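Novice: Before I ask anything, here is the structure I am working with.
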């Protein structure tokens, strides 16, 4: 990863070592692991939870156990920008770990349906607060040349969380009350996050924005090494236009001079959700069941496709760049949706249809993980000026959660009313719209420092 000759070069021409910032990034991505874990934790155990808590057969109640998390996440993400700006990125991580520990403990101990909902709501709040702060922090503490690679860690950690939840859920049918253990286990990484953040560096741009210049330099030394710290600080002051002390009003994000970047960010997240990815995650086992594949095996396949795509994205993010990955990812997803729409039509004989629908679904998840999954969360903190970064991220993530909530809520209803062929065609159309949108509006940020990107994109007053 690093050229051996760099030692003899001046700091201006060499890149800082990636090894210094690596542990800080890994701790931050525990939030994404927890996010993935809690997304998947009720999938397998839902039946036994409903039997134990007495709401078996009530589909509305089962739906609430899943979507209560999404409601909490919307609340968490709405406030994430103000929390991250108000108390700093490190404290924000700790505030995200607390409701996850308390909520998971309530869910694990509860004897009632209401207790389960309260636990899920609290966990959801942490899930909403964590990912935007993780995206901010990873973007702000990473050296420019590995920022894309580090950004991909967020997606990989989410995949590992999902896969972890699936594996831990396997004994749920054999062992009575195992679902309680599934919730207890999640408190371990949350507690690690809470403690480990004490030893991590605070975000230098945040410290600098607060006027704590010496602390910002000390943080840069911790993250980039001594010789690069002054350079990074000098660059930070270049993009500081003296307006950082103003408070950011919501109106400025929605129709002020920053409207364009916030619009691009929100639209990217909206198209990411409208591509149907979460419908595929929520619904994959049913599709596989009709193809005669048991649900555990189906979930493992989906997990492997997701993880493989994410690892390839990590390798390519700083080589090909964000825009190329986004374009090919959405294009591949459109093709995969077309395959599934063809499989759902009546022209294909029996076994061909099964191969097409299962293959199309795995290809869709793989393509999603290549770009549409990891890129928006990395690209947006890069294109937002540091003054509005946290709050703009909160607005975009809230759009993501609202659409995620409605897709989860309406997918099965729409499938009944419209049939799979029309629904898959609609998802495919959104993917094509995403390709056109990315081509016209997204800028490449690969290898540039945050300050260079900010100066290039800032509206000239």
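Cβ coordinates are placed from backbone N, Cα and C, and glycine is handled just like the others.
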Novice: For the record in TrEMBL, which of the ranges 272-295, 392-415 is the transmembrane segment one?
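Specialist: It is 392-415 that TrEMBL annotates as transmembrane segment.
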Novice: If we call contact 3 or more Cβ pairs under 8 Å (sequence gap 6 or more), are the transmembrane segment (150-172) and the transmembrane segment (60-80) touching?
Specialist: no
Novice: Take a look at 20-40, 392-415, 421-438 and tell me which one has the most Cβ pairs under 8 Å to the transmembrane segment (60-80).
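Specialist: Most Cβ pairs under 8 Å with the transmembrane segment (60-80) come from 392-415.
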Novice: Using a Cβ cut-off of under 8 Å, list the residues of the same chain at least 6 residues beyond the transmembrane segment (296-317) that approach it.
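Specialist: Apart from its flanks, the transmembrane segment (296-317) reaches 40, 43-44, 148-149, 151-153, 155-156, 159-160, 162-163, 166, 170, 280-281, 284-285, 287-289, 325, 361-363, 365-371, 373-375, 378, 446.
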Novice: Checking distant contacts: for the transmembrane segment (116-138), what same-chain residues at least six beyond its ends satisfy Cβ-Cβ under 8 A?
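Specialist: For the transmembrane segment (116-138), the list is 24-25, 28-29, 31-32, 34-35, 38-39, 42, 49, 53, 64-65, 68-81, 83-84, 89, 92-93, 95-100, 102-108, 110, 147, 150-151, 153-154, 183, 186, 190, 203, 377-378, 380-381, 389-390, 393-394, 397, 401.
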Novice: So which residues does the transmembrane segment (178-200) touch in its own chain, when a touch means Cβ under 8 Å and the partner is 6 or more beyond its ends?
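Specialist: Residues 23-24, 27-28, 30-31, 33-34, 37-38, 41, 45, 48-49, 52, 90, 93-94, 96-98, 100-101, 104-105, 107-109, 119, 123, 126, 165, 168-169, 171-172 contact the transmembrane segment (178-200) from elsewhere in the chain.
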Novice: Among 20-40, 324-348, 392-415, which stretch has the most Cβ pairs under 8 Å to the transmembrane segment (421-438)?
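Specialist: Checked against 20-40, 324-348, 392-415; highest Cβ contact count belongs to 324-348.
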Novice: Residues sitting near the transmembrane segment (324-348): Cβ under 8 Å, six or more positions beyond its termini, same chain?
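Specialist: Non-local partners: 271, 275-277, 313, 316-317, 354, 356-357, 359-361, 363-364, 366-368, 370-373, 375, 379, 419-421, 424-425, 427-428, 431-432, 434-435, 438-439, 442.
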